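Notes follow the structure.
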Amino acid sequence: LKDQFDNLDKHTQWGIDFLEKYAKFVKERIEIEQNYAKQLRNLVKKYCPKRSPKDEEPRFTSCIAFFNILNELNDYAGQREVVAEEMGHRVYGELMRYSHDLKTERKMHLQEGRKAQQYLDMCWKQMDNSKKKFERECREAEKAQQSYERLDNDTNATKADVEKAKQQLNLRTHMADENKNEYAAQLQNFNGEQHKHYYIVIPQIYKQLQEMDERRTIKLSECYKGFADSERKVIPIISKCLEGMILAAKSVDEHRDSQLVIDCFKSGFEPPGDFPFEDYSQNIYRTISDGTISTPKQEGMRIDTKTTVGKAKGKLWLFGKKPKPQSPPLTPTSLYTSSTPNGSQYPIFSIEPVHYCMSDIKTGKPRIPSFRSLKRGCFCLQGPALEDFSHLPPEQRRKKLQQRIDELNRELQKETDQKDALIKMKDVYEKNPQMGDPSSLQPKLTETMSNMDRLRMEIHKNEAWLSEVEGKVAARSDRRHSSDINHLVTQGRESPEGSYTDDANQEVRGPPQQHAHPNEFDDEFEDDDPLPAIGHCKAIYPFDGHNEGTLAMKEGEILYIIEEDKGDGWTRARRHNGEEGYVPTSYIDVTLEKNSKGA
């Protein structure tokens, strides 16, 4: 039985070791899940775009689908973390707590079993000692009896010796009887304790050990189930993540991506025009015509091309540097036909080619060698290149300006809502002073109104740039349409003003246009005639007018009104010295004339 107790001791210890082994397995599985989730998140972070401006956000459906897949993968990594957390809390943590309790309970039961065994061993030792003592006293009593019988049969023994041997016999017999009774009592006690030990105490301890081992087995079964449930709980969410990836893959639209590429790189420029014919035989014809009658007439009408072109050399051209002057094309509009005395004909250049070249530069489509020169060119009337996007092609510039106007309008709406809220709060404070001081809202209200004025000015400036770009795009479209029509007319001729006629002689004999004002190109952008005043105004508040296009004014200053507020919060005004600019409508008291026309 003692051997079986040791076997049970070994078995329960094996059960606890197996429990801890499974707990270690779960721990390693948790670490794998955590590392897997961490690696997935790092992968998503590596390929996910960093926070970028709205202009750089992905717009292609393939990119958006990929980023959606990354988001779904990030959610999938989160579910792996949920699995690890659930296993750690429900399985591993529970196993470690139960293992600790199991060790404590096992130790207690084994101690009880050892105590019972020690008590039984003690009873056995007491019984064995009493037995040995009884056996020893019995031998002593037998020796005393033999000594007494020997002395009693011996005739030479004295009576005293016999009496002494008899007393010794009685003493040993009495002691043997006492040890016999003690041995019997100890034997009876030991038998009772042994029966109790093997039939009551030890079975009870073994039963407790059995129940403990069965609970350990049940706990393992529950942990096995919890291990699987932790994985099964996240399967629906993981399935949704996978479905999201499939939907992202189906959302890829190749036609939309192609259209985005077209919209992104559409410049709005016209294709380059045809290169003109360059006649290098001019000097030959001029040499031949020196002795003719018509030579002086043509020389009198000839224009110095260097002088004419040189007048515009310092001008700002629409697309950066002025294109180099090229020889005029050899067309009927640029040639006279003269006859010699022998009847031969030869061409002589009239004054038309130079003027045609200048008119083509001013009003026609510019000949642009490459798009790189467009990026270097800028418009001086539009402010900094980066602010008005003048470094971009017309179509892209229009889109950028429209986006900025939309953003400014949204910001203006926010500021307007904030101003309305502050005004309402100020009215509430004025009616109920105990709720707050109305004057405490004035700095915030002033700041909000200043922001609104600034935003309105920015909107007005960007709208001016946008209208300029749209006007140029429309002009290019009209010129392209006109050029296409001209290309279809086989016998048509182009006049210096850009009109067309079928009579070549009418073009040549028309009034010369070389006396046009040298600043004709600049006059297209400047208006020398000032706008008439339609009223006057008085400044209620001072305005610094630091921004471009605005007019600074002092409180109480009187200004002329030359353009009413068109709904953007700005009024165009003029000082007495002729300085013009925009002022906030909310800062002035406007008085309009009844008969404003021609004032």
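In case you wondered, yes, glycine gets a Cβ from its N, Cα and C as well.
In TrEMBL, the coiled coil annotation falls on 398-432 of the listed ranges 293-327, 398-432. DSSP assignment over the domain 'SH3' (532-593) gives 3 helix, 29 strand, 30 coil. In terms of DSSP helix, strand and coil, the domain 'REM-1' (391-468) has 72 helix, 0 strand, 6 coil. Summed and averaged per residue, pLDDT over the domain 'REM-1' (391-468) gives 87.
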